[in-house]
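The structure appears right after this line, and notes come after that.
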Amino acid sequence: MTALQDSRSGNPGPTATMKRYRGPGIQRKATGPRLKYGLTVAAFLIPSALPLLFFTIIPMFSAFWISLNQWNLVGPMKWVGLGNYGKLIGDPGTQGAFLHTVYYIVGYLPLVYIGGLAIALALNSRIKGRSMMRGLYFLPVVTSWIVVALVWRWLLNPSTGIVNWLLGLIGVTGPGWWTDPAWSMPSIIVASAWKDLGFVMVILLAGLQAIPEDLYEAATVDGAGRWRRLFSITLPMLSPSTFFVIVLSLINGFQVFDQVYAMTGGGPNNSSQVVVQQIYDLTFRYGRAGEASALSWLLFLFILVITLIQVRGQKKWVHYA
Amino acid sequence: MRKQRPSITLNILVLVGALMMVFPFLWAFVTSISPGAGLSATPQLIPENPSLSAYAELLQRLPFAQIVLNSLILAILTTVFQLVTSSLAAYVFSRMPFKGRNAVFAVYLATMMIPMQVLVVPLFVEMKSLGLIDTYLGVLLPGIASAFGVFLLRQAMNSVPQDLDQAATLDGAGHFRIFGLIVLPLVRPALATLTVFAFLNSWNSFLWPLIILRTPAMKTLPVALAGLQGQYTTQWDIVMAGSVVSVLPMLALYIFTQKYIIQGVAGTGLK
């Protein structure tokens, strides 16, 4: 190890002469060592490559195969071609599940973004106890969705929950929340936004901290006010972080499941049935694995297309420094 | 903007917001020590007759210690496996060029985009044919490699200067020694970030354990908790006691690793 420490503390000798150095194997290029090099690469890669192959890549393709069949998980498969896809697209239950998922995203994203931005802006100033505050806002992020769902189910309990009790104090009769078809999605949205607020805040805060201070100074000299600086400097400079938050929120939003399962199970009256809950129900409640696989592929393609559209569209509004 | 000292109102607003983030946890705890909570009235913030009876009942009705242990062992094993498999692969993608390496790396990255939901049905079938339904191995296997981990560690390894490897090569060290003695110790912060992420993800994972585990005593915390709610629809003190128990270990880990978690998350957005 002493030789290593030497080179670290600035012995420029070998570094300068061998600029194109690419590792020990490449350097000794005889045939024996070459085989050894190949084996070493394999030994390093196989522990991750095999699991990814068997538990991600192959299942991905077999899901497509299953989606072309009618199958109840136990009996024989019956080939139906793209029939499952056609059936799903015309199925009101599936359409409803997509609609509720979109409803979730439309409610959740503005709430979590504007909330996260407000907190990030506040924490980016010289506020008291900054890192403590940051830690508190981030706390729900590390909590499991199931705990979040259970706790919020209790907070939003229509008869004895504290939210309706507090509303009662100001003379408002609180809604039935997750027991009311009109309020089940809003309940899930509020709980989810509460959990993810800290995540969005941390991403945006990192973005804010990367904005050069002199931009603000120059703008202030030019007489720009607080709001002007927010809209002309902060938001445009923050656009890469915003883009990241939106892409990630949409990907995760379309896959919303845990909190729905634990808060409402898709009810009442299917009012909060989302796509992944539908996949789960089709497979494990109704034994329609073919349709479930078709739906999961539709969901995957849907997410892929939406992500690609965003990546293409980012040129119009995302400014990379 | 940053030069100005924030107003008192802003300080108070931030504090109120932070309280709103903490209050649900506090309320869960208060509920858990208020016997009979939620049966007829909203519990009081300071319970008149605090009692740990809900916890006792929880232990009696569910093999709770066993369930916590299940989650813990699975999370630790998942984390260890991911650290080993990811760091080995990351070393190749950072240090050992070969023909087609970029293509292989692209396939790794592509697997990050595949949602768990697509894999659920075929994975279930696969595990069934391997006889791994309702086994810990069945829960564990799909999570032992992580493309995200490979990516994270490769980025870190790329920023370790190569002249160190070179000096070691001159000393006669092979790739295994360079990997273990030079590169790994220098990417410790990234390893810490991956440790926390892998542990959290496993600890909180729900869909896959829900599908593959059947025996009540083998279930993980989130799955058992979700089941608890079905059994004790109105006994909120018990449901909240279960939530508190599952949050506590997380909280302990969070207090000590906050820095790595937040840095890790902040870093993902700054690529």
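Glycine is treated like the rest: Cβ placed from N, Cα and C.
Unlike curated records, TrEMBL annotations are generated automatically.
Under the heading domain 'ABC transmembrane type-1', TrEMBL lists B:68-257.
What TrEMBL lists as transmembrane segment is B:12-30 (among others).
Long-range contacts of the transmembrane segment (B:67-93) within the same chain: residues 101, 105, 108, 136, 139-140, 143-146, 149-154, 156-157, 175, 179, 183-184, 187, 191, 194-195, 198-199, 201-203, 209, 217-222, 224, 245-246, 249, each at least 6 residues beyond the stretch ends and with a Cβ under 8 Å from a Cβ of the stretch. Look at TrEMBL and you will find B:67-93 (among others) tagged as transmembrane segment.
Per TrEMBL, transmembrane segment is recorded for B:105-125 (among others). Outside the transmembrane segment (B:105-125), and at least 6 residues removed from its termini, the chain residues within Cβ reach (under 8 Å) are 89, 93, 133, 142, 147-148, 150-151, 154, 207-208, 211-212.
Listed by sequence, the residues of this chain that lie at least six past the ends of the transmembrane segment (B:137-157) yet keep a Cβ under 8 A from its Cβ atoms are 74, 77-78, 81-83, 85-87, 89-91, 93-95, 105, 108-109, 111-112, 119, 123, 127, 130, 183, 187, 189-191, 193-194, 197-198, 201-202, 205, 208-209, 212-213, 220, 264. Annotation comment: TrEMBL describes B:137-157 (among others) as transmembrane segment.
The annotation transmembrane segment is assigned in TrEMBL to B:178-200 (among others).
Distant neighbours of the transmembrane segment (B:238-256): 25, 28-29, 31-32, 37, 54-55, 57-58, 61-62, 64, 68, 71-72, 196, 199-200, 203, 221-222, 224-225, 228-229, 232; these residues of the same chain sit at least 6 beyond its ends, with a Cβ under 8 Å from one of its Cβ atoms. According to TrEMBL, the transmembrane segment annotation covers B:238-256 (among others).
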